[in-house]
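Note sheet for the following structure.
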Amino acid sequence: MQKYISEARLLLALAIPVILAQIAQTAMGFVDTVMAGGYSATDMAAVAIGTSIWLPAILFGHGLLLALTPVIAQLNGSGRRERIAHQVRQGFWLAGFVSVLIMLVLWNAGYIIRSMENIDPALADKAVGYLRALLWGAPGYLFFQVARNQCEGLAKTKPGMVMGFIGLLVNIPVNYIFIYGHFGMPELGGVGCGVATAAVYWVMFLAMVSYIKRARSMRDIRNEKGTAKPDPAVMKRLIQLGLPIALALFFEVTLFAVVALLVSPLGIVDVAGHQIALNFSSLMFVLPMSLAAAVTIRVGYRLGQGSTLDAQTAARTGLMVGVCMATLTAIFTVSLREQIALLYNDNPEVVTLAAHLMLLAAVYQISDSIQVIGSGILRGYKDTRSIFYITFTAYWVLGLPSGYILALTDLVVEPMGPAGFWIGFIIGLTSAAIMMMLRMRFLQRLPSAIILQRAAR
């Protein structure tokens, strides 16, 4: 029991800064929305539309680079720290190449925006302008993620938290300058949010690099002198590990976007109630997601040390802590769902629907916690392909079709509206949780030599 308590303390010490960093990131999006809304409703809508396209694109790159964390954690655990710098440099090369692709996609996103049904031309122009300003921040964001993954792979999660709050503090005044046109800058409205956010990502990257160069604990990890050339073998391995994570993230984000589109014809009340419940459940999701990042670090580190039993302990402890957290957040959600809905909207119909949907959200919080922490465990074992297959099957083969049938058809019951999609979420997330646990159990039952051989690849 003592080893589980000790492991839980270590996991929470790693997870809490990640939680706070995620809160800072969420707050940046909130600030952009509020400040753009203060300028005009059209600008706020433009930022929302632009963000809905930016997120899937940038999260694809983000997921690709998540491969660095278990790689660095295992090199650190095995005492091969001299190899970390080369992995990080190749991570920067990979981030640079992916940035170019993302920037090309975002530059041409106007075709998608202008093809939206009944979209106002002025709104479309502002959304395109916002994206074309924001896309210059894509390299800064991905370079920052490489540096952050280096720190987190070495079990240092506080720097990412600090840089997140630096970004938030810089974002507010820079937004103000470019939205309203102060200090000689042009008045850009919502487009100014894109300029500010792009600048903030570069500030966060430069601040993180400055920290890494000065950190005593990383003095033995220095990038190669001169300009290291791309190493095809290392980059190929990072892509093999990261691409399934990137695709899983992409399909998860697009799932919720598709559901939002399917709900939109049902009416204002249904859309508002769905959005409130989804926004709140996304806030609760920060807890298990941050714990999953910590579990990846601990499992990778233990496997690097050559201890499969300690890796199992880290995995099981992460799951136990996650289930405890999810139970508490589910009780909180059920108990205060109406009061929470009132914070967003005071329309009685909207509040009633949102409260009902939050009840369904509380049901899936434990499944959601298990599946996301399970994903973190599998990343620690470098078993990333299974993450993609599981999430795609659970969300797109089981969850979304089930939700569609329940919400919009009478094949099983009378059309349930948004609640049908939320039952689909429950089916999808529960299926993912079961499959993640089965895969973890399969891996942990392999002979130690095979587990360590797979992890060392």
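Just so it is clear, glycine is given a Cβ too, placed from its N, Cα and C backbone atoms.
Residues 51, 152, 155, 157-158, 160-161, 163-165, 167-168, 171-172, 175, 197, 200, 283, 286-287, 289-291, 293-295, 297-298, 314, 317-318, 321 of the same chain sit 6 or more residues outside the transmembrane segment (11-31) yet have a Cβ under 8 Å from a Cβ within it. As annotated by Swiss-Prot, transmembrane segment applies to 11-31 (among others).
Positions annotated as transmembrane segment by Swiss-Prot: 53-73 (among others). For the transmembrane segment (53-73), same-chain residues at least 6 beyond its ends with a Cβ under 8 Å from one of its own Cβ atoms are 84, 87-88, 91, 94-95, 98-99, 102, 105-106, 109, 112-113, 131, 134, 138, 141-142, 145-146, 149-150, 152-155, 238-239, 241-243, 245-250, 253-254, 257, 293, 296-301, 304, 379-382, 384.
According to Swiss-Prot, the feature transmembrane segment maps to 93-113 (among others), an assignment based on sequence analysis.
Among the features that Swiss-Prot reports, transmembrane segment is placed at 127-147 (among others).
The annotation transmembrane segment is assigned in Swiss-Prot to 160-180 (among others).
If you look at the transmembrane segment (189-209), the same-chain residues 6 or more away from its ends with a CB under 8 A from one of its CBs are 28, 32, 35-36, 39-40, 42-44, 46-47, 50, 126, 129-138, 140-141, 143-144, 147-148, 151, 159-160, 163-164, 166-167, 170-171, 174-175, 177-181. According to Swiss-Prot, the transmembrane segment annotation covers 189-209 (among others).
The transmembrane segment annotation in Swiss-Prot covers 243-263 (among others), and the record cites sequence analysis as its basis.
The transmembrane segment feature in Swiss-Prot is assigned to 276-296 (among others). Beyond its flanks by at least six residues, the transmembrane segment (276-296) meets 11-12, 14-16, 18-19, 22-23, 26, 69-70, 73, 152, 157, 256, 260, 314-315, 318, 321-322, 325-326, 329, 333, 340-341, 344-345, 350, 354, 357-358, 360-361, 365, 368-369, 372-373, 375-377, 379-380, 422 of its own chain at Cβ-Cβ distances under 8 Å.
The transmembrane segment annotation in Swiss-Prot covers 314-334 (among others), and the record cites sequence analysis as its basis.
For 350-370 (among others), the entry in Swiss-Prot reads transmembrane segment. Tertiary neighbourhood of the transmembrane segment (350-370): same-chain residues 269-270, 272-274, 276-277, 280-281, 284-285, 287-288, 291, 319, 322-323, 325-327, 329-331, 333-334, 337-338, 340-342, 344, 418-419, 422-423, 425-426, 429-430, 432-433, 436-437, selected by CB-CB distance under 8 Å and a gap of 6+ residues from either end.
Outside the transmembrane segment (387-407), and at least 6 residues removed from its termini, the chain residues within Cβ reach (under 8 Å) are 244-245, 247-248, 251-252, 255, 258-259, 262-263, 371, 375, 378-379, 413, 415-425, 427-429, 431-432, 435-436, 439. The feature transmembrane segment is assigned by Swiss-Prot to 387-407 (among others), with sequence analysis given as support.
What Swiss-Prot lists as transmembrane segment is 418-438 (among others), and the listing cites sequence analysis. Long-range contacts of the transmembrane segment (418-438) within its own chain (CB-CB distance under 8 A, at least 6 residues past either end) are made by residues 259, 262-263, 266, 270, 273-274, 277, 353, 356-357, 360-361, 363-364, 367-368, 370-371, 374-375, 377-378, 387, 390-391, 393-395, 398-408.
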Distal contacts, the transmembrane segment (93-113) - CB-CB under 8 A, six or more residues away:
49, 53-54, 57-58, 60-61, 64-65, 119, 124, 127-128, 131-132, 134-136, 138-139, 142-143, 145-146, 230, 235, 238-239, 242
